Amino acid sequence: DVFFYQADDQHFIPRSLLIDLEPRVINGIQNSEYRNLYNHENIFVAEHGGGAGNNWASGYHQGEQFVDDIMDMVDREADGSDSLEGFVLCHSIAGGTGSGMGSYLLETLNDRYSKKLVQTYSVFPNQVETSDVVVQPYNSLLTLKRLTLNADCVVVLDNTALNRIAVERLHLSNPTFAQTNSLVSTVMSASTTTLRYPGYMNNDLVGLLASLIPTPRCHFLMTGYTPLTVERQVNMIRKTTVLDVMRRLLQTKNIMVSSYARTKEASQAKYISILNIIQGEVDPTQVHESLQRIRERKLVNFIDWAPASIQVALSRKSPYVQTTHRVSGLMLANHTSIRHLFSKCLGQYEKLRKKQAFLDNYRKFPMFADNDLSEFDESREIIESLVDEYKACESPDYIKWGMEDPGEANVVAALDSKLVV
């Protein structure tokens, strides 16, 4: 009952809200086989149905307009929870609704529920192909500021890497949205198994995230999953062992973020923390032996200023989902190479900003009225500082980083008392 509650007729209803500024996607859900799954009172579609036009400022402004209606739904669900621990937001950072309205919701949740955790699953745009959204760099930068300041944990879902995995690992020449989304849903499902099938450890959101995020701002996680299959491969059977799964999780080709790259600079990056969630029939002694082998072979490069250990959580498999493999694994990792993804976003932003391109689209809205573009400048500074901090994490002297004033240590520790323990 973590993610569901029972209605009077005993069927289960998700504790979820579906929010959009245009009706196409939600109408698709309401006309599908899932139409009776969701609580219809928890579905919000803007009356005008015009969307945000792929404009962050439009989405943010409409978030201000509709915040009372949306927060009424949030408050109702929160009041119906026995022990509310936090919120999970699924959104994209490139368009208008997910980025703009998502940003406003992040700020509002952080303000109204300041003691609760906010975790996001954030879809980053494809960095290789030309985007249909010409203002994508502006939208991404403005959203990244909110993800840095208002979220406690961000699971990065990188479209560039997801497409690469679909092509290279699943051998799909032209992956569909449904096939890419199945990768995302696999990650989301696996990352919540310890909450849905609680054991002795990692059975709540704080316990899951506290060890992964030792410092408040470095809370962007990358994921890896193995073995990956698509529908047509369901009948393919192979032998899976704990060591095989844990070793594969560390391979670059299985990481779902493109910044975990094949460049020389990225290869010098380090792990801040790793949590492997292993599902299936597993003997704890196998886990211990696998960790020992990984340590002996020096397969992992950890930072110098924190414990260098891979944490492992064992979880049961769902009895309702049939799989052909005995053992599967998800890696949640805090890795300094994530900064290269942010640097790409900054680089794309700088190209557009130098040309002053498409800024009139933003000046139409209150935040950017009277040619006030300070929001862009502030967002850029925050993301540059985030990139610098991830770079500093690779140094043994990171603990002293940015602490010119002795009192600053206390300020940093107080930034996020929800996670820093």
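The backbone N, Cα and C atoms fix where each Cβ goes, and this holds for glycine too.
Features reported for this protein in Swiss-Prot:
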| type | residues | note |
| --- | --- | --- |
| BINDING | Ala94, Gly95, Gly96, Thr97, Gly98, Ser99, Gly100 | GTP binding site |
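Gly100 (GTP binding site) falls within a helical segment according to DSSP. Looking only at the binding-site residues Gly95, Gly96, the densest Cβ neighbourhood within 10 Å occurs at Gly95.
Packing around Ser99 (GTP binding site) is summarised by its Cβ count: 34 other Cβ atoms lie within 10 angstroms of its Cβ, all protein chains included. Sorting the binding-site residues Gly98, Gly100 by the number of other Cβ atoms within 10 Å puts Gly100 first. Counting only residues at least six positions away in the same chain, the Cβ atoms of Asn54, Val123, Phe124, Pro125, Ser131, Val133, Gln136, Asn139, Ser140 sit under 8 Å from the Cβ of Ala94 (GTP binding site). The GTP site, placed at the center of the C-beta atoms of Ala94, Gly95, Gly96, Thr97, Gly98, Ser99, Gly100, has further neighbours from the same chain whose C-beta lies within 8 angstroms: Ala52, Asn54, Asn55, Trp56, Gly59, His91, Ser92, Ile93, Met101, Gly102, Asn139, Thr143.
Counting only residues at least six positions away in the same chain, the Cβ atoms of Ile19, Asp20, Leu21, Glu22, Gly51, Ala52, Gly59, His91 sit under 8 Å from the Cβ of Thr97 (GTP binding site).
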